[in-house]
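J.: This is the feature table in Swiss-Prot:
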type	residues	note
BINDING	Tyr370, Arg382, Gly400, Cys401, Asn402, Asp423, Ile424, Asn516, Tyr517, Leu538	S-adenosyl-L-methionine binding site
COMPBIAS	1-10	compositional bias 'Basic and acidic residues'
COMPBIAS	15-45	compositional bias 'Polar residues'
COMPBIAS	56-68	compositional bias 'Polar residues'
COMPBIAS	75-89	compositional bias 'Polar residues'
COMPBIAS	199-210	compositional bias 'Basic residues'
COMPBIAS	263-273	compositional bias 'Polar residues'
COMPBIAS	282-292	compositional bias 'Polar residues'
COMPBIAS	309-324	compositional bias 'Low complexity'
COMPBIAS	325-348	compositional bias 'Polar residues'
COMPBIAS	349-361	compositional bias 'Low complexity'
COMPBIAS	450-473	compositional bias 'Basic and acidic residues'
DOMAIN	380-642	domain 'Bin3-type SAM'
REGION	1-118	region 'Disordered'
REGION	194-220	region 'Disordered'
REGION	263-361	region 'Disordered'
REGION	444-477	region 'Disordered'
Amino acid sequence: MIEMSFDKETVLSCEGQTDPTSQEFNINDTSALHPPGNTTENNLSKDAGSEASLEKSATTDNNASSESAVLGAESSKQSHNGTKPQQQKVNKRRNTMSAGFKHPGYGKRRRRANSESESVLPTNFLLGGNIFDPLNLNSLLDEEVNKALNAETPKSSPLPAKNRDPVEILIPRDITDPLNLNCLSTGDSLLVSPLKSGGGRRRHRNKHHGANTGRVSTEGIGLTESNGCAAVKDDGTSLVSMTNVHLESTIADQTLLDSTLESSNKSSLTSNDNEVKEKTVDCSTAHLTANPTNPPSSRQRKRRRAGSRTENSSSSSEQHNESQGGNSRSGVSDRQQPYPNQWRPQYSNNNQNPQQPKKKFQYGNYNKYYGYRNPGMSEDPRIRVMNPDWFRGKDVLDLGCNTGHLTLFIAKNWRPASIVGLDIDGSLIHAARQNIRHYLSEVQVQHSRRSGENTKADRGEVSGEEKDKDKTSKHSFPVSLRISRGPIAGPPLPETNTHSLPPGDFPANVTFIKGNYVLESDVLLQTQREEYDVILCLSVTKWVHLNWGDAGLKRFFHRVYKHLRPGGLFILEPQPWSSYNKRKKLTEAICKNYHSIRLKPDQFSSFLTTEVGFSSYELIGTSQNYSKGFQRPISLYHKRPSSLK
């Protein structure tokens, strides 16, 4: 153990500071007397020289302090060679010192003093740099310095050559479909580059020269003359000659050739009489230039694209020649022969549908009504507020049936005895009749599913003729695809003369008729007979009101009442008055009728019960639609039975 003896003077010396020379002497003595690894006894006795050393250290100047710091460092190094218990004792004595006085030999102070010594920075860099650029990367910015460094040995990487060409950015035609996934044609997949657009200055210049001179530019046409082609020569007169056409060419190629001849004939008429030019058009190469992979056509396409922006639409729609008609096929000749800009608007106007006057839909006869009213829905939400018992086995009239989706749903699922769809637009009636085939396809799919489930049970009882039919049907079209996708072609429409199906079975119970339900005068109301049990009038009253005014709408309601049998039902869905304002400027007659309307939609119920003759009415519900404009209340009006008259 370490025996420690404290005297009064020793304790007083601890309050100050011991001399590092005395510490060094004591440590050396103890290390000599007691070797490392053995237990030592340290006796601290009174030393007369300790007070003198304390006074000396307190009165020393800055130079003496620095010397004591060096001595303290040496003493600390020697203490590390001593025993561990002795080192712990010294640390304890140092920790008892006052916080105001810091000895230069203190551990943290010693390390800080060592860190403040000046470090030697490198001066020789192998790559020729400096302290701020050791790798000499700045030399890559100067070509001369780079060449000098790489003259003997490639110490640094060579400077890459700068590409002075601007970066080409391809812009899709439709920013909402950058990958062109919605278009099935390959011609529309070409991306537009702003570097090759040419700008508007060149377009105006060509337009200016084309308007003044009227000359035909034939540069860049590398078409050779061959058999089966059309030659156009301008010698003061225009001559168009057409020779043998290949028998193997299709009808589309012949129409393509005709449009080429017409466009070349037009261009020859605009040329001057003093200027003689020869142009030859090869029929075989004319079809090949439509392919974007052909190098000559690609050069012409770039040149045409730089000349006018309208060329993009013409070149992209070139792949739709069969669907766009004969006018769009002339785009091939325009690409081969870049005519002046005065002919381009004529070509573009023929293909741009927005240039044509839009149909106003004066009577609300929208051709995509169910598409935007019920987007992504298989059934009309108005069906949920109706009761199937109202229609089962009854005679039904649907006023304003449009394309007949609601009419066909009622006819197929609720099995009325007969249902008639009436609309003023003949094209909508034609579409409704074609939609019967769609519903028949669904019926066949259901039958095929049922038959597929029962084929295994009834396989032994099938006759020979039915087996042959099954074999032919299996070879012609897979049963699984018929179940999942329906037949390839819809079934034919049933003939009206035949009565093979019993009444009430679809599609024998549905009929579509074109007609105007609003009579010309009130006198014709006297001739109306009772024919129907249920009459539907869904979202029609606004169009009757705008086109025929209050008088026409009142006549419309009176005819509905007379058309119903006793106890009949009238299902009405009127549009609100706020929706009238959006369509008041369609025609002059509509605008005039709009300002003369006095019978508002909120007054229909009182008018139908007091003046028309309906006994009662009830609100059966409001259709739940995504659009608030189509969330309209539906009312049911009752006609008195015959016994109560």
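Using the three backbone atoms N, Cα and C, a Cβ is placed for every residue, glycine included.
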J.: Which residues, sitting 6 or more apart from Ile424 (S-adenosyl-L-methionine binding site) on the same chain, put a CB under 8 Å from its CB?
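T.: Counting only residues 6 or more apart in sequence, the Cβ neighbours of Ile424 (S-adenosyl-L-methionine binding site) under 8 Å are Tyr363, Asn365, Gly400, Lys514, Gly515, Asn516.
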J.: The domain 'Bin3-type SAM' (380-642): mean pLDDT?
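T.: Taking every residue of the domain 'Bin3-type SAM' (380-642) together, the mean pLDDT is 85.
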J.: Under 8 Å Cβ to Cβ from Tyr517 (S-adenosyl-L-methionine binding site), same chain, six or more residues apart: give me those in sequence order, or none if nothing qualifies.
T.: Leu399, Leu422, Phe556, Arg559
J.: Could you tally the C-beta atoms, other than its own, that fall within 10 angstroms of the C-beta of Gly400 (S-adenosyl-L-methionine binding site)?
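T.: Around the Cβ of Gly400 (S-adenosyl-L-methionine binding site), 23 other Cβ atoms lie within 10 Å.
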J.: Reduced to three states, what secondary structure does DSSP give Ile424 (S-adenosyl-L-methionine binding site)?
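T.: In the DSSP reduction, Ile424 (S-adenosyl-L-methionine binding site) maps to coil.
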J.: If you count Cβ atoms within 10 Å of the Cβ of Asn402 (S-adenosyl-L-methionine binding site), leaving out that atom itself, what do you get?
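T.: Cβ-Cβ neighbours of Asn402 (S-adenosyl-L-methionine binding site) within 10 Å number 26.
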